[in-house]
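Worksheet: the structure to be examined is printed underneath.
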Amino acid sequence: MFNKRNLKWLSVLATIIMAFVQLGGALVTKTGSEDGCGSSWPLCHGALLPQNLPIDTIIELSHRAVSGLSLIVVLWLAITAWKHIGYIREVKPLAIISIAFLLVQALIGAAAVIWQQNSYVLALHFGISLISFSSVFVLMLIIFEVDKKYEADELYIRKPLRRLTWIMTGIVYLTIYTGALVRHAKASLAYGGWPLPFHDIIPHTEQDWVQFAHRGMAFITFFWIMITFIHAVKNYSENRTIRYGYTTAFILIILQVITGALSVMTNVNLFIALLHALFITILFGMIAYFIMLMLRTIRSEKIK
């Protein structure tokens, strides 16, 4: 017999596991464990469990195990949600997107191991996995009926905020890509101090340019989210969904900037680097929820 509470717990479990997939991928890259299993996939050094287990192999194996578990749990969630609450318009598309992008993410990860892709291709891996995470995250919010609790199901988002949010989505995604590129191009400590090198602000190497591009995009992202936040709070002060949602997004980008700066200042402290990945993961999940709300508004306009 179907129990809504069980579906809630399943959605929370899937969201947490997907967050660990994101953090695990960041951990693999930050610790240089990409080749921990050699060029074997799905096996590790040609075996299910190799006899020799150095730390890079353990990290890579753990990431693969969590990724495999995420596929099982997300598939379980997608099927259950489809069957029992598929009447909610967004549930079926979100279920399809979560599974599809999880599979694409796995294929890119496998290709990276087997064929050793370049940094610019590898950087797509994190962004694609974020889309899958965001789908699961939004699905969880729907299951918990956040819409009804905060009157989001009756919300009308006017065009100015929609434009600001669409542009914010593109800017944030580009920033995520450049951030992933920083990791894969081994450019975390390139381009000197933060926010700019004191001795020479002109980038010289490819790593310098990658780091420079990421900092530039981060700067644009921070100010654009701040502008969007101010507009949202000023014009939708009566609506808790907008007020709480965009305030959370602004807090997350502040934390993202702080951890980004601390990563440079601490020579990429692993804990800070993982927090950096976690904050952007949650932020993108919030943006995905904003997109769902905007699409509802657009559909309501077409009906009228």
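Using N, Cα and C of the backbone, Cβ positions are placed for all residues, glycine too.
Summarising the annotation, Swiss-Prot assigns topological domain 'Cytoplasmic' to 1-8 (among others) and lists sequence analysis as the type of evidence.
Taken from Swiss-Prot, the feature transmembrane segment covers 9-29 (among others).
According to Swiss-Prot, the topological domain 'Extracellular' annotation covers 30-67 (among others). When pLDDT values are averaged over the topological domain 'Extracellular' (30-67), the model yields 83.
Here CYS44 (disulfide bond) comes close to GLY36, CYS37, GLY38, PRO50, THR57, GLU60, LEU61, ARG64: these same-chain residues lie at least six apart in sequence, with C-beta atoms under 8 angstroms from its C-beta. According to its DSSP assignment, CYS44 (disulfide bond) is in a strand. Residues or ranges marked as disulfide bond by Swiss-Prot: CYS37-CYS44.
What Swiss-Prot records for GLU60 is active site, and it gives sequence analysis as the kind of evidence. The 10 Å shell around the Cβ of GLU60 (active site) contains 22 further Cβ atoms across the protein chains shown.
In the three-state DSSP scheme, HIS125 (heme o binding site) is classed as helix. Feature annotation from Swiss-Prot assigns heme o binding site to HIS63, HIS125.
The transmembrane segment annotation in Swiss-Prot covers 68-88 (among others).
Residues or ranges marked as topological domain 'Cytoplasmic' in Swiss-Prot: 89-93 (among others). Beyond the topological domain 'Cytoplasmic' (89-93), the same-chain residues lying 6 or more positions past its ends with a Cβ under 8 Å from any Cβ of the stretch are 81-82, 138-139, 142, 292.
Marked as transmembrane segment by Swiss-Prot: 94-114 (among others).
As annotated by Swiss-Prot, topological domain 'Extracellular' applies to 115-123 (among others).
According to Swiss-Prot, the feature transmembrane segment maps to 124-144 (among others), an assignment based on sequence analysis.
Annotated topological domain 'Cytoplasmic' per Swiss-Prot: 145-163 (among others), in sequence order, evidence recorded as sequence analysis.
The transmembrane segment annotation in Swiss-Prot covers 164-184 (among others). Within its own chain, the transmembrane segment (164-184) has Cβ neighbours under 8 Å at 26, 29-30, 119-120, 122-127, 130, 157, 190, 210-211, 213-214, 217-218, 220-221, 224-225, 227-228, 231-232, 276, 280, 283-284, 287, 290-291, 294, counting only residues six or more beyond its boundaries.
According to Swiss-Prot, the topological domain 'Extracellular' annotation covers 185-215 (among others), on the basis of sequence analysis.
Note on HIS214 (heme b binding site): other Cβ atoms within 10 Å of its Cβ, all shown chains, come to 26. The feature heme b binding site is assigned by Swiss-Prot to HIS214, HIS276.
Sequence-distant contacts of the transmembrane segment (216-236) (same chain, six or more residues past either end, CB-CB distance under 8 Å): 158, 160-161, 164-165, 167-168, 171-172, 174-175, 178-179, 195, 242-243, 245-247, 249-250, 253-254, 256-257, 260. Here Swiss-Prot flags 216-236 (among others) as transmembrane segment.
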Using C-alpha atoms only, work out the spacing between HIS63 (heme o binding site) and HIS276 (heme b binding site) and round it to an integer in Å.
-> 18
Mind checking how the topological domain 'Extracellular' (30-67) divides into helix, strand and coil residues in DSSP?
-> 14 helix, 2 strand, 22 coil
Go through the chain and flag residues at least 6 beyond the ends of the transmembrane segment (9-29) whose CB is under 8 A from any CB in it; none is fine as an answer.
-> 36, 59-60, 62-63, 66-67, 69-70, 73-74, 76-77, 80-81, 109, 125-126, 129-130, 132-133, 136-137, 139-140, 143-144, 180, 183-184, 270, 273-274, 276-278, 281
Tell me, how many other CB atoms lie within 10 A of the CB of HIS276 (heme b binding site), whichever protein chain they belong to?
-> 24
Give the number of CB atoms, excluding that of CYS37 (disulfide bond) itself, located within 10 Å of its CB.
-> 23
With pairs closer than 6 in sequence left out, are the transmembrane segment (245-265) and the transmembrane segment (68-88) joined by 3 or more CB pairs under 8 Å?
-> no
Per the Cβ under 8 Å criterion, with at least 6 residues separating them from its ends, the transmembrane segment (124-144) contacts 4, 7-8, 11-12, 14-15, 18-19, 21-22, 25-26, 74, 77, 81, 85, 88, 90-91, 94-95, 97-102, 104-105, 108-109, 112, 173, 176-177, 179-180, 280-281, 284-285, 287-289, 292
